[in-house]
Amino acid sequence: MAFPYMEAVVGFMIFMYLFETYLDLRQQAALKLPMLPKTLEGVISQEKFEKSRAYSLDKSYFHFVHEFVTILMDSAILFFGVLPWFWKKSGNLLVLIGLNAENEVLHTLAFLAGVMIWSQITDLPFSLYSTFVIEARHGFNKQTIWLFFRDMIKGIALAVLLGPPIVAAIIIIVQKGGPYLAIYLWAFMFVLSIVMMTIYPILIAPLFNKFTPLPEGELRVKIEKLASSLKFPLKKLFVVDGSTRSSHSNAYMYGFFKNKRIVLYDTLIQQCKNEEEIVAVIAHELGHWKLNHTTYTFIAVQIVTFLQFGGYTLVRNSNDLFQSFGFDTQPVLIGLIIFQHTVIPLQHLVSFGLNLVSRSFEFQADAFAKKLGYAKELRSGLVKLQEENLSAMNTDPWYSAYHYSHPPLVERLAALDEPDKKLESIDKMQTKKAI
């Protein structure tokens, strides 16, 4: 008797939904607490706390509805054989318009086009409600309905432009890969990720936002001086018009080798009136670079990707696997989709592990900024960002451990407030000598 892969996948999806719903309920209970954590008393105003609480609870209620609808649709699609039905219908459509349904590339693209249309239709109500009701209610949304749909159309156009050659390349690699298929697939995805990381900030991101050089002034001088002191190869320093869509704030850096760039959201500059706070935030980001966090994360992702492709090569010709999901043929992309579903348990474990590593990296980057002398400024900057973004002040430890890639503010402030151990030991030695 063949193993019931599909039933096992659906069962695990429901199990994870129930587990994550339990964590969501724990987090919602934490959000309903009427008092600030002791660490934040006197640091966060009661007014900001109440606004943050209302915003977080609104998002929590919305999340419950969204996740419930999602698990219903995803389970029904697998359990009632919607995928194989849609695969056959996409082939029939090709025949209807005079194309060859036996051409796997064309068949796959027709299938993906239908999936994209379906996902856009089903996700649109949630996106609209999140943006124009929840975000607008709490003062974050700044975009018009026209800008919203313009961004959506641009995203679809990019998918139509970039998707077909990528899909075609993957199918051809699988068909001709032979015994080294996993290596070829990984190499292709590695090159693709490098290319996308190169062209995204230069060609794609400007389609959605306007990037302008940070004007001359004290802030620019301070950031350039900090970068120079760390030998960070800063080539360009931009401000992005994030305020055209949202009042949430952020900062990030990108680029390879000697061509690094730093991007500040205009909302960050508006919210942090003290320029030293912005410089402290940049010091934190530069800490990630100096400590090679980005490189380590990239390597970890590449290892996971290679192992996934290795696992795929072991089951890609399994009749039992395809038949369990209702397929009587073995299309390449369908095989990849099915395999991704079967390794969901491992993906959850990997995601949890990467979150733990990411949280550790955040503490290290904070400590790096502290070592540079920005402890006070980073502390006030983190508080300001927490206030202005109305981030959750109370967090359940289980929920944050499972979901958060960044430690909660309370934990970060506690780490920043810890005395430097080296300084403590020096002080003790000096005290003993004096005695």
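Just so you know, glycine gets a Cβ as well, placed from its N, Cα and C.
In TrEMBL, annotation is done automatically, which means it is predicted and not curated.
Feature list (source: TrEMBL):
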{"type": "BINDING", "residues": "His284, His288, Glu362", "note": "Zn(2+) binding site"}
{"type": "DOMAIN", "residues": "33-210", "note": "domain 'CAAX prenyl protease 1 N-terminal'"}
{"type": "DOMAIN", "residues": "214-419", "note": "domain 'Peptidase M48'"}
{"type": "TRANSMEM", "residues": "6-25", "note": "transmembrane segment"}
{"type": "TRANSMEM", "residues": "61-87", "note": "transmembrane segment"}
{"type": "TRANSMEM", "residues": "155-175", "note": "transmembrane segment"}
{"type": "TRANSMEM", "residues": "181-203", "note": "transmembrane segment"}
With the cut-off set at 10 Å between Cβ atoms, which of these binding-site residues ends up with the most neighbours? Options: His284, His288. His284
If we call contact 3 or more Cβ pairs under 8 Å (sequence gap 6 or more), are the transmembrane segment (61-87) and the transmembrane segment (155-175) touching? no
Across the domain 'Peptidase M48' (214-419) the predicted model averages a pLDDT of 90
So what sits near Glu362 (Zn(2+) binding site) in its own chain, CB-to-CB under 8 Å and at least six residues off in sequence? Ser405, His406, Pro407, Arg412
